[in-house]
Amino acid sequence: MRRGGWRKRAENDGWETWGGYMAAKVQKLEEQFRSDAAMQKDGTSSTIFSGVAIYVNGYTDPSAEELRKLMMLHGGQYHVYYSRSKTTHIIATNLPNAKIKELKGEKVIRPEWIVESIKAGRLLSYIPYQLYTKQSSVQKGLSFNPICRPEDPLPGPSNIAKQLNNRVNHIVKKIETENEVKVNGMNSWNEEDENNDFSFVDLEQTSPGRKQNGIPHPRGSTAIFNGHTPSSNGALKTQDCLVPMVNSVASRLSPASSQEEDKAEKSSTDFRDCTLQQLQQSTRNTDALRNPHRTNSFSLSPLHSNTKINGAHHSTVQGPSSTKSTSSVSTFSKAAPSVPSKPSDCNFISNFYSHSRLHHISMWKCELTEFVNTLQRQSNGIFPGREKLKKMKTGRSALVVTDTGDMSLLNSPRHQSCIMHVDMDCFFVSVGIRNRPDLKGKPVAVTSNRGTGRAPLRPGANPQLEWQYYQNKILKGKADIPDSSLWENPDSAQADGSDSVLSRAEIASCSYEARQLGIKNGMFFGHAKQLCPNLQAVPYDFHAYKEVARTLYETLASYTHNIEAVSCDEALVDITEILAETKLTPDEFANAVRMEIKDQTKCTASVGIGSNILLARMATRKAKPDGQYHLKPEEVDDFIRGQLVTNLPGVGHSMESKLASLGIKTCGDLQYMTMAKLQKEFGPKTGQMLYRFCRGLDDRPVRTEKERKSVSAEINYGIRFTQPKEAEAFLLSLSEEIQRRLEATGMKGKRLTLKIMVRKPGAPVETAKFGGHGICDNIARTVTLDQATDNAKIIGKAMLNMFHTMKLNISDMRGVGIHVNQLVPTNLNPSTCPSRPSVQSSHFPGGSYSVRDVFQVQKAKKSTEEEHKEVFRAAVDLEISPVSRTCTFLPPFPAHLPTSPDTNKAESSGKWNGLHSPVSVQSRLNLSIEVPSPSQLDQSVLEALLPDLREQVEQVCAVQQAESHGDKKKEPVNGCNTGILPQPVGTVLLQIPEPQESNSDTGINVIALPAFSQVDPEVFAALPAELQRELKAAYDQRQRQDENSTHQQSASASVPKNPLLHLKAAVKEKKRNKKKKTIGSPKRIQSPLKNRLLNSPAKTLPGACGSPQKLIDGFLKHEGPPAEKPLEELSASTSGVPGLSSLQSDPAGCVRPPAPNLAGAVEFNDVKTLLREWITTISDPMEEDILQVVKYCTDLIEEKDLEKLDLVIKYMKRLMQQSVESVWNMAFDFILDNVQVVLQQTYGSTLKVT
């Protein structure tokens, strides 16, 4: 009978389409859920879980049925079957390791999230309720506290100073509660470190004003500091600036000087994420007096005045300061120092970050991400933007009024996923000239230099040499100096003899008119001025940028909260739900959004729409500037082929050059490359990414929350030291900055990294850019602490130790950075731990402890080294019935795990008697306990236990010994243990047969043992004498079984070929043998796959010990194809076989097809043995053998056993790569390509092969 035949006979039931039955079933369940929800709702209903769809995995408290009712009452969805595309949250209290890997990247949440959200009356953040996270088993995520007190210190240098007049005790006591200040934390300013963004606590304004969707509008009054205002106190405290540098370094490491700091840390433990509120009143007053005709609001310090840098004027805020500032602001401005010229100044760090645009960009991204999260937490399900669209779209409402008057979407068609990418056009330029109509239509650039594009040449600087160095490094990929003569004769590298050079100020953004002339973002202003002498320079206006970015996100939030904050000028929005509700087309909705953004911000935005994030971004490229483009699904193939590979995310200069060397320039060229070839060239992850992206495939979801992986702070501008003490003091100051950032995020770090940029030997001492780092070498040192910390003194001490080991020339230092990794939460809340029901046993005295608790305690106490020395482990599995909650002890099986060296812990811990436990057995038992035999218990560990715990374990061992002697005299009935609870009539259950009497003495599963030739003699000799005797007896028994099996096989008729395998015969075998003989190869050995199919004793005897599936497969092969016998005869023939009496036909009249097998091998260990024998004994694989392996892999895909498929593929890859014959690598590529094609067609994805 061919596989799938039983399905084909049922094709005429109305669901001919593949997967149509399940799709219809799921749709019916969803409709049933909606109808039940309409009947269940009463006065206590709400829309807290609107847009949330849960899937319950396993036992939970509340139960799955209770959670279903809660989702009905509160506007959520409950999925009986998990869907990766539809299910938003998975609810579970415990998952096996295989499930954790399978659900990697999904939101696995504890049920307390639902219960506590209902209690709170709003949707809480799921991060504190995650069951597992990517970082570690103890990290639950970031927790932010929106409460702050006036006396708390600042979290970072970009915030306003602790004191207004540089006096410690001068603190404002009364803060008006009409406004709240948005937390403005710190993060690395490095543009490349986007994943290290840090979230900000978003506090709402409570003052009257226009709001959208419950969120205050920023135009009434600005209550959020943008962070560009520098503080009077930087990373160094005021008293540190008044003492000599030597005393400063020593004092900060001494215990006496840290008492006040410890007190301050203790007092601010619960309010780390807060920014200063002392200037709140003054900020509100100055904002109210803003001049509406200017883009900037006011200037708080002389830092915003024009200052000569590199021969050009540098300004942060355009125009003069407001003359109507309050007295408090004026006092603060006078107290603020000027721009520091040395890193030893007190406020150097804070001033650096306040002027760094890259720091502001990363800070705004974190702030906007938290803004979106706050919107989701406080959502009431009402969106003003949608209501406006519904009124515009008259006669095409998506809502259908049912007979009962309820509003529902039952009859609405299911829309395909639709992602919208919104990107502002030339963001910095558009904001800078929105109130300057004279500059519109002209080439404009945002930069710090507003001069002629030239700066005076400083003595010792050699700009031409640096230019040649970087050009050579980028274009040719060489890191060496292009011409050694340039180092010896610096003057020869000068472009000309003039006393001025081109300005090195970078262009942050340029208009499209400037881009048409060859100017690009990131270009030096001097070079851009040469290309376009009429280029107009516009200064930075951080306050205006932030205001427009906030307006952009508020506009999007009026339609939906499913937003991913990409940057201050860029966002991804999932508009699938909006289109379904409003019945608008994607183009109509995009046009409405663009018009509203333009009205609110006076800036234009481009919109791209696609079925996934990749296509939406590509569509935006075509839509720019000031346009929109909808990439329809039917247009994707033609559109994607013509796209350059550089348009794909993740493809930079290096990868572009590597692809060009392969003759690939477009995505169409890339589509001709197989995944195996791409993974070989670029690695498994990058190869798979390129394979999918070039076909327009992208399954990345719109993410609103991201976990923080590191905290860092780097400065590579203005770093010039003359003495070691200055460098040490700066490291301590940067450590204090790291402490503030860690405290602001509520995290501690364990791994510390110090990065130093040192001038390259021979490079000019004076850099081409004033204060820049020039040509440098990067040096890094890393240390891992015993415990995670956020203390500046501990971090600073570690930094100084690593710094001293570098033995650097202090004057050559050009950059310093500190990175903290391996983050853990500062406070672990015990209430967030998964709650589990207590398991107590009435069979033991002092029932407050269970056997599970005993082994969990012992497991926690064992070190890693001891775990590697353990040969056997006790597998304790407790399952509590949610109905009875009773504990029933069963007579245990002899439980010993195999000693195979290639059996890992994950395999061992999930097996029972060396075999996988049937799920049906576990589900019908209230409690099943396995404890090791008395010979396996460590007596020293047993004696260290508490008396009552030790007594419990001893009693269990005594019961085991008594039952093992009793089992020798009494055989189990039909292979089933008498301790199993009775079941209702008609229950289909596969039982594991009791071991034979000859096996009961040894307690070893002989099938699971490795070959005796594979046992390491040294390991065997190190085992206890009793265990050695058991293993020898087990091997003797297996040898006797093999002899008996061989004898019975020779006497019986030949077994017919497996009817499930329809493979080709060997092609031109004689010709290939002849070719081999000319080379002098040995005689061809018959394939082990054929030998295994016909001669394996373990597979031909249906009575052999093994798993139920093995018994079934052996029986089916022994009896012949099931179609040749009537079902009655088949049922009668199985009645005498242990463990097979329950094998019945299904209601459709078909026998269940056998499990996928490779020449009869079903279990993974048997498959591994067969593959190893095949690859190591055959030099040239036959085509039919390769096709047999391909069919086995595709059968695994059909049975949805992808975990075993992954193990088989990886094991074959390791074996075939070790072979010296190149034909094996070709065979593996052929197998993998076929498997990936089937996976792609079945699941829409491929297997990651590392």
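Cβ coordinates are placed from backbone N, Cα and C, and glycine is handled just like the others.
Here's what Swiss-Prot has on this protein:
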{"type": "BINDING", "residues": "ARG357, 423-427, 509-515, ASN521, ASP569", "note": "dCTP binding site"}
{"type": "COMPBIAS", "residues": "260-273", "note": "compositional bias 'Basic and acidic residues'"}
{"type": "COMPBIAS", "residues": "275-320", "note": "compositional bias 'Polar residues'"}
{"type": "COMPBIAS", "residues": "1034-1045", "note": "compositional bias 'Basic and acidic residues'"}
{"type": "COMPBIAS", "residues": "1046-1055", "note": "compositional bias 'Polar residues'"}
{"type": "COMPBIAS", "residues": "1069-1078", "note": "compositional bias 'Basic residues'"}
{"type": "COMPBIAS", "residues": "1117-1128", "note": "compositional bias 'Basic and acidic residues'"}
{"type": "COMPBIAS", "residues": "1131-1145", "note": "compositional bias 'Polar residues'"}
{"type": "DOMAIN", "residues": "44-131", "note": "domain 'BRCT'"}
{"type": "MOTIF", "residues": "1071-1077", "note": "motif 'Nuclear localization signal'"}
{"type": "SITE", "residues": "LYS769", "note": "site 'Interaction with target DNA'"}
{"type": "SITE", "residues": "THR782", "note": "site 'Interaction with target DNA'"}
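Location within the structure of each feature annotated in Swiss-Prot.
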residue	record	Cβ within 10 Å
ARG357	dCTP binding site	20
MET424	dCTP binding site	23
CYS426	dCTP binding site	26
SER509	dCTP binding site	23
SER511	dCTP binding site	27
GLU513	dCTP binding site	20
ARG515	dCTP binding site	14
ASP569	dCTP binding site	23
LYS769	site 'Interaction with target DNA'	20
THR782	site 'Interaction with target DNA'	12
Ask   = If you measure LYS769 (site 'Interaction with target DNA') to ARG357 (dCTP binding site) at Cα, how many Å is it?
value = 17
Remark   = For ARG357 (dCTP binding site) and THR782 (site 'Interaction with target DNA'), the CA-to-CA distance in whole Å is 28
Ask   = Quick one: DSSP breakdown of the domain 'BRCT' (44-131) into helix, strand and coil?
value = 28 helix, 12 strand, 48 coil
Task = Take the C-alpha atoms of ASP569 (dCTP binding site) and THR782 (site 'Interaction with target DNA') and report the distance between them in angstrom, rounded.
result = 36
Remark   = Per DSSP (three-state), SER511 (dCTP binding site) is coil
Note = Per DSSP (three-state), CYS426 (dCTP binding site) is coil
Task = Looking only at the domain 'BRCT' (44-131), report the model's average pLDDT.
result = 86
Request  = Between GLU513 (dCTP binding site) and THR782 (site 'Interaction with target DNA'), find the distance joining the two CA atoms and give it rounded to the nearest Å.
outcome  = 47
Key: Per DSSP, three-state class assigned to ARG357 (dCTP binding site)   = helix
